[in-house]
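Listed in TrEMBL for this protein:
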type: REGION; residues: 1-42; note: region 'Disordered'
type: TRANSMEM; residues: 99-126; note: transmembrane segment
type: DOMAIN; residues: 101-669; note: domain 'Major facilitator superfamily (MFS) profile'
type: TRANSMEM; residues: 138-155; note: transmembrane segment
type: TRANSMEM; residues: 167-185; note: transmembrane segment
type: TRANSMEM; residues: 191-213; note: transmembrane segment
type: TRANSMEM; residues: 225-248; note: transmembrane segment
type: TRANSMEM; residues: 268-287; note: transmembrane segment
type: TRANSMEM; residues: 379-402; note: transmembrane segment
type: TRANSMEM; residues: 528-550; note: transmembrane segment
type: TRANSMEM; residues: 557-578; note: transmembrane segment
type: TRANSMEM; residues: 584-606; note: transmembrane segment
type: TRANSMEM; residues: 618-639; note: transmembrane segment
type: TRANSMEM; residues: 645-663; note: transmembrane segment
Amino acid sequence: MADPYHNNIYHQGDGDSYGTYGQGGQDDAASDVTEGHDEEDQMYEGEYQGIPHPDEVKAARRAARAKARTMADGVSDQEELAEQYEDIMEDCGHGKFQWTLFVVLGLALMADSVECFVVALVLPSAEKDMCLSHAEKGMLGLIVFLGMMFGAFIWGGLADKVGRRKCLIIVLAMNCISAFFSSFAQGYGFFLFFRLFSGIGIGGSVPIVYAYFSEFLQMDKRGEHLSWLCMFWMMGGIYASFTAWGIIPRYGWGFSMGTEFQFHSWRVFVLVCALPAIAAFLGLMFMPESPRFLLENAKHDEAWMILKQVHDTNWRAKGEPERVFTVTQIKTPKTQEDEFIEIQTATGTAFQRWVVRTLTLTKLVMKNVLSLFGPDLRLATLLMAIIWFTMAFSFYGLSVWFPDMIKHLQHEEYESKVKVFNREKVEQFHFNFSLENQVHKEGEYINDKFINIEMKSVKFEDSLFVDCYFEDIRSTDTIFENCTIRSTVFYDTDLYEEKFIDCTLENVTFLHNKKGCHLDNEEENDVLIYLVSFLGSLAVLPGNIISALFMDKIGRIKIIGGSMLISAGCTFFLFLSFSQAAIIAWQCLFCGVSVAAWNGIQVITVELYPTSKRATAFGVLNAICKFAAILGSSIFASFVGITKVIPILLSFVALVAGGVLALKLPETREKVLL
């Protein structure tokens with residue numbers, strides 16, 4: 001008996017209104033497809049091992065789904081479309097088209113990862129050009145996450161109403177434009193604005209990428225290939241840290257136009273960080289819109305053309321160009337009457353029409369957001385919000401805490417080597433050598449010269465300066481506290497009045513003060529900054545591979561719950577040792593274990609929500625994630641140098657709570673996308 005599913009021919013049961021695969025008889029279609037092929041050559045290799053033929057597996061799955069539908073009391077249009085779409089994607093196969101889209105969307109995800117790293121990597125150099133205070137540096141670090149939080153919410157909602165591809169193109173363009181202008185911005189305010197604008201743009205990429213890619217995957221490929229897609233986030237971290245390591249210390253890679261315009265190597269790095277977004281933007285020009293989104297919006301013909309393109313691309317690449325896309329009809333859900341309100345061309349001005357469309361679109365997006373808390377989705381949304389929050393709070397909090405603790409330990413070690421000079425008296429002496437890590441107490445400096453030297457971490461306390469001369473001084477963390485300074489000239493130095501704390505200045509002259517921050521770049525840019533970032537990103541590779549291989553085998557719930565609970569246990573290793581090397585090791589271990597939970601969370605978020613709400617839900621949950629990142633990084637950073645117990649306990653409690661709640665989620669690995 002002939003297999004009714006052989007050669008991509010699918011016959012629906014009596015009365016089924018999904019669609020029709022094939023117009024002619026079964027025998028005619030089969031003979032057309034198999035013409036010119038020897039039947040023995042087509043024999044399935046696994047037959048003798050008792051391995052079912054893939055077509056038989058597909059047929060069994062379809063029969064099971066059809067039986068479940070007939071046993072159900074009623075099947076909605078949405079469920080009918082979901083079942084039929086799954087069958088179509090199985091017939092289209094997984095091949096060249098999905099792998100091409102995989103690379104393009106992976107680059108977009110890589111751009112999001114780079115955005116999370118870029119500010120932290122350029123900050124040690126950018127603060128020198130802009131003379132940033134601690135408060136300004138903190139704001140610059142948080143502004144990106146703030147922008148990404150709003151971006152995820154806005155663009156996730158718009159992607160469900162405007163389209164995945166169109167919104168993703170816009171957010172990538174925003175990121176590229178912002179990166180270009182921020183690299184040239186000389187002032188702190190402009191740099192802050194463009195990084196915020198960049199965050200708002202790229203923040204929408206994650207919700208759109210996962211929703212977009214999932215709608216081109218069949219059920220048995222979805223978990224694995226969405227997990228492989230997550231690896232691009234790791235690649236973004238490696239790319240950012242590796243290029244920062246290779247570019248930022250190269251101080252000759254730049255130019256200046258006087259003292260007002262400086263383009264140093266860190267600005268070159270900002271431009272290079274935009275390359276993944278540019279590549280993704282160009283790649284999307286050749287990619288189609290999601291056919292699942294088009295069907296949801298009653299655009300049947302456009303969806304059919306794209307599905308045919310997917311089918312033909314895959315089978316041609318597999319050496320079977322004779323396979324025919326036999327779908328002639330696809331179930332289309334009823335459209336709502338309150339979609340976009342159009343004003344006739346003769347009615348109102350262009351601005352008025354734009355306002356009406358914008359208000360209508362905003363209303364539809366907010367309505368979609370509120371529907372996430374409706375009776376059918378309320379519990380899933382609440383559980384997912386808590387899991388996203390706890391995971392992000394712990395992960396991003398520790399991601400900031402680890403490098404800050406390394407810096408703190410370095411600072412403690414540095415301070416332990418400080419040299420203290422008490423009551424020294426120096427007269428008519430020429431200081432032509434640099435001063436570093438010194439404290440001078442109650443000293444007297446009479447008619448001395450400090451010329452062309454660097455002062456790093458130098459403090460003068462209760463000292464007297466009389467008839468001294470300072471010229472061409474470059475300082476870092478240098479202050480004068482409770483000193484008396486008389487008849488002294490400061491020429492071409494960066495010793496401003498704010499560096500003289502409670503000092504008495506008598507007949508003191510400041511001439512041609514240096515503009516900007518002239519710090520010792522080579523020593524400030526510790527290679528450890530890049531090394532820690534690189535190792536942390538590389539450490540997630542084993543977790544990525546394991547989660548991808550087992551996502552469809554053991555399920556999303558066990559992956560998420562197990563990974564979060566094991567990650568919670570890993571945090572207690574921090575009590576065992578507290579050296580720089582140990583912190584780096586624990587950071588790599590934590591990142592490697594926790595990445596499996598991230599992958600599972602992102603996969604199940606895609607699968608829990610219907611197409612009309614998928615990107616919106618992902619955007620809302622990703623916005624919660626970014627809020628938790630801001631909260632976690634701020635709280636954890638505040639305990640650096642104070643105590644290590646509270647950050648460890650906070651991360652442990654958050655991960656345990658999230659891991660336990662994850663076990664309450666429904667398993668979705670055998671669920672078609674609604």
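The backbone N, Cα and C atoms fix where each Cβ goes, and this holds for glycine too.
Curation does not apply to TrEMBL; its annotations are automatic.
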Are there residues at least 6 beyond the ends of the transmembrane segment (618-639) whose Cβ is under 8 Å from a Cβ of it, and what are they?
141-142, 145-146, 148-150, 152-157, 159, 203-204, 206-207, 210-211, 369, 372, 381, 384-385, 388-401, 404, 605-606, 609, 646-647, 650
Is the transmembrane segment (167-185) close to the transmembrane segment (225-248), in the sense of at least 3 CB pairs under 8 angstroms with a sequence gap of 6 or more?
no
Is the number of Cβ-Cβ pairs under 8 Å between the transmembrane segment (379-402) and the transmembrane segment (584-606) three or more, considering only pairs separated by 6 or more positions?
yes
Pairs of Cβ atoms less than 8 Å apart decide it: which stretch in 167-185, 528-550, 584-606 has the most with the transmembrane segment (138-155)?
167-185
Let me check one thing: do the transmembrane segment (557-578) and the transmembrane segment (268-287) come into contact, meaning three or more Cβ pairs under 8 Å with sequence separation of at least 6?
no
Contact between the transmembrane segment (191-213) and the transmembrane segment (99-126) is defined here as three or more C-beta pairs under 8 Å separated by at least 6 residues; is that satisfied?
yes
Might you confirm whether the transmembrane segment (645-663) is in contact with the transmembrane segment (167-185), defined here as three or more C-beta pairs under 8 A between residues 6 or more apart in sequence?
no
Output the single range from 268-287, 584-606, 645-663 maximising the number of Cβ pairs under 8 Å to the transmembrane segment (191-213).
584-606
Using a Cβ-Cβ cut-off of under 8 Å, list the residues of the same chain that are 6+ residues beyond the ends of the transmembrane segment (584-606) and lie near it.
206, 210-211, 214, 222-223, 226-227, 230, 234, 384, 387-388, 391, 394-395, 398-399, 402, 406, 532, 535-544, 546-548, 551, 556-557, 559-560, 562-564, 566-567, 570-571, 573-574, 614, 617-618, 621, 659, 662, 665, 668, 673
For the transmembrane segment (645-663), distant same-chain residues with Cβ under 8 A (at least six beyond the ends):
383, 386-387, 389-391, 393-394, 397-398, 401, 557, 560-565, 567-568, 571-572, 574-575, 597, 600, 635-636, 639
